[in-house]
Amino acid sequence: TTTILISSLATGTIITASSHHWLMAWVGLEMNTLAIIPMISKQHHPRATEAATKYFLTQAAASTTILFSSTTNAWQTGTWDITNMTSPTANMLLTMALAMKLGLAPMHFWLPEVLQGSTIKTALIITTWQKLAPMALIFTMSNALPTTALLTMAMISTLLGGWAGLNQTQTRKIMAYSSIAHLGWMAAITTIMPSILTLNLVLYLLMTTSMFYTLILLNSKNIKDMATSPTTSPTTTTLAMLTLLSLGGLPPLTGFMPKWLIIEELTTQNLTTTATILALSALLSLFFYLRLSYSSTITLAPNTTTTKHKWRFKPTINTTLLTMTLPTSLLMLPITPMIC
């Protein structure tokens with residue numbers, strides 16, 4: 001069953017990313033939605049059932065809006081081609097639908113609740129793989145999307161992602177608001193320079209995957225668990241702290257690179273107000289990343305406890321993937337001059 005669900009996830013994303021017809025893109029999005037719902041609800045717990053229901057209703061509404069907007073455009077232009085969206089009404093509806101799919105504010109309310117009701121592994125899939133299909137559609141039709149609407153949602157998302165994450169203690173909700181804030185940065189640069197959008201998406205996927213695998217390895221579901229993780233694996237906890245700071249965009253770590261490029265491009269386009277709001281909102285996100293980092297490293301100092309600690313993990317697929325993703329997500333900043 002797991003193989004069928006994962007294959008359906010991959011197939012749905014590939015169909016959406018490679019299609020030129022709106023109907024096929026819609027089919028791929030529906031395959032994605034129907035494949036992830038059993039993975040969310042497999043715990044047989046009321047919270048998981050609630051999360052699956054919220055996810056289904058939200059994604060079904062977004063898919064319906066996508067189909068309605070593409071039908072409206074086809075009615076006016078006579079074509080179902082994704083790259084030929086010329087109706088302003090259809091473009092606005094499509095932007096709202098894709099924002100709902102991704103979890104951009106103000107259509108973000110489902111994302112923290114769904115992640116909190118899911119397992120950490122399922123939350124990893126929702127925050128990484130499930131973003132690829134809508135992002136592929138956004139990238140394909142970036143020239144037709146309304147810039148003002150995207151910039152407005154970008155500012156709201158980055159501010160809300162930082163502000164709402166301040167009072168969270170659950171790591172999955174913190175990562176949910178982190179995802180909302182990062183998606184806001186991507187939305188801000190979508191219509192201006194799609195190449196930076198691609199770079200930001202790749203680095204976001206890399207850093208988020210590294211952080212989630214760290215949470216899986218340390219079995220940390222809240223800040224209290226992170227505070228006791230150094231006794232289990234000091235090295236992994238230290239790398240997790242660096243990954244969190246990289247997610248916050250602290251130089252010279254990798255996460256600083258896309259934020260730097262986006263602010264530079266927005267300033268070049270005379271969008272200084274937007275760039276200022278994004279930069280200030282990054283400070284809010286950085287605060288709760290620092291708080292989580294501090295809680296995870298506060299017990300790294302030598303102590304005199306007599307408790308026997310398990311200092312080593314047995315090699316698993318999670319440790320192998322963590323070994324591959326963590327250094328990459330931390331050490332890519334020196335390639336910035338080549339990208340610029």
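Numbering starts at 1 and runs along the chain as it is shown here.
Including glycine, each Cβ sits where the backbone N, Cα and C put it.
Predicted automatically and left uncurated, TrEMBL annotations should be read as such.
Annotation source TrEMBL lists domain 'NADH:quinone oxidoreductase/Mrp antiporter transmembrane' at 19-284.
Here TrEMBL flags 286-339 as domain 'NADH dehydrogenase subunit 2 C-terminal'. Per-residue pLDDT, averaged along the domain 'NADH dehydrogenase subunit 2 C-terminal' (286-339), amounts to 60 for this model.
Listed by sequence, the residues of this chain that lie at least six past the ends of the transmembrane segment (148-167) yet keep a Cβ under 8 A from its Cβ atoms are 92, 95-96, 99, 104-106, 108, 112, 173-174, 177-188, 190-191, 271, 274, 277-278, 281-285, 287-288. If you look up TrEMBL, you'll see 148-167 (among others) marked as transmembrane segment.
Within the same chain, residues 99, 102-105, 108, 111-112, 115-116, 123, 127, 131, 135, 138-139, 142-143, 145, 147, 150-151, 153-162, 164-165, 168, 200-201, 204, 208, 211-212, 215, 247, 258-259, 262, 265-266, 269, 274, 278, 281-282, 285, 288-289, 292 sit at least 6 positions outside the transmembrane segment (174-193) and bring their C-beta atoms closer than 8 Å to a C-beta of that stretch. The transmembrane segment annotation in TrEMBL covers 174-193 (among others).
What TrEMBL lists as transmembrane segment is 199-218 (among others).
Under the heading transmembrane segment, TrEMBL lists 239-263 (among others).
Long-range neighbours of the transmembrane segment (275-294) within the same chain, counting only residues 6 or more positions beyond its ends whose Cβ lies under 8 Å from a Cβ of the stretch, are 154-155, 158-159, 161-163, 165-166, 168, 171, 174, 177-178, 181, 184-185, 188, 223, 226, 240-241, 244-245, 247-250, 259, 262-263, 266-267. Annotation comment: TrEMBL describes 275-294 (among others) as transmembrane segment.
Here TrEMBL flags 315-335 (among others) as transmembrane segment.
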